[in-house]
Amino acid sequence: MADLQNDRFLKALLREPVDRTPVWMMRQAGRYLPEYRATRAQAGSFMDLCRNKELACEVTLQPLERYPLDAAILFSDILTIPDAMGLGLRFAQGEGPVFDKPLRTQADVDKLYVPDMGSDLGYVMDAVSTIRTALNGKVPLIGFSGSPWTLATYMVEGGSSKTFAIIKAMMFDEPKMLHQILDVLADSVIAYLNAQIQAGAQAVQIFDTWGGVLTPRDYNEFSLRYMAKIVDGLIKEYDGRKVPCILFTKGGGQWLEAMADTGADALGLDWTMNIDEARARVGNRVALQGNMDPAVLYASPERIRQEVGSILAAYGKGTGHIFNLGHGIHPEIKPEHAEAFIKAVVELSPQYHS
Ligand code: CP3
């Protein structure tokens, strides 16, 4: 395997010195890029795109051909695990993911099992190794998974939700049943991320998109505890290099200290907190990734550059910051605005590193 030509992302995750702040964008391969929409049309459906290693590789590399990004992220989805558990995933036009067989009864839950990383999810590992080979050491490859709580919201609700009515009723009335779901998911995520690492992922991120809808007590019991179990079960070093792990709880700003206690290397920040305060709170324990409001990309390139400048200044001097948006890039963003964002990080950040 070729040596890594650009390792500033991996170094910053481990709080080692870098020449400038590394940058990548959540959802960097996606619908805001016309070339993504073309490949997606060629694949047929979104899941067909995920299952085709050549096309999944092609869309992973698309943003890297346009922009000087410091990492690639596997093109796939967090819902591959529940799909592999036989819940009948489909992406309905305009309404997002739908599960035909949501988890509602104890009998549904008793049927759950840890999917086989070869026969059920081998297509994801094939995509990882195809992408890693195609990158040829240009930048590191990020693998990812959803958190058990976030995956469970889709599996129990049967799709996206605004109120989380069904899963929260289960959490209050049938906590044991929910814990049973979360346990199988945590074991599945450990096996899934470790298989991605063995296939070539050089860092991993756990997306806890919906942890922030919980009370502090419920966050600890139903989300953080399972992420801590995952961090504990991950391969820490592979192929002679540390494999850093990033925890991202959207809306989790008030829990950074507890998140750092899991042993994760880095925490993802959304845009609802100041990065200088976050840094003061976590000190040298973890790196921080984020935290620009993705809606800034609707503004002019000049205004985008100004916002990048103020986040860099707020973080201040030294390593341990990976620039990113506070959540995924929206599909309506103009590619030139994403470019202005990334260029601003490249041009304005060296002064914060010596
Ligand atoms: O970041 C990347 O470029 C890698 C690819 C990636 C996708 N989904 C591709 C995708 C990643 C990391 C994800 C994670 C994901 N998927 C999350 C967690 C991240 C977050 O945004 O908080 C969640 C909650 C999902 C579940 C999911 N997948 C939903 C709710 C949807 C539909 C909503 C939408 O945006 O349309 C998807 C589909 C999806 N996953 C798309 C992409 C590019 C759009 C599908 C399409 O092309 O039609």
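Numbering starts at 1 and runs along the chain as displayed.
For all residues, glycine too, the Cβ spot is worked out from N, Cα and C.
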Residue in His327, His337, His353 which TrEMBL records at the substrate site where Arg27, Gln28, Ala29, Gly30, Arg31, Asp77, Tyr154, Thr209 also bind: His327
Same-chain residues near the domain 'Uroporphyrinogen decarboxylase (URO-D)' (142-158), Cβ under 8 Å, at least 6 residues beyond its ends: 24, 71-74, 76, 78-79, 81-82, 85, 87, 97-99, 102-104, 128, 164-167, 170, 178, 181-182, 185-186, 189, 192-193, 196-197, 201-211, 214, 222-223, 226-227, 230, 249
Sparsest Cβ surroundings (other CB atoms within 10 Å) among the binding-site residues Arg31, His327: Arg31
Cβ neighbour count (within 10 Å, all chains shown) around Tyr154 (substrate binding site): 26
Substrate binding residues Arg27, Gln28, Ala29, Gly30, Arg31, Asp77, Tyr154, Thr209, His327: largest Cα-Cα distance, in Å and rounded to whole number: 23
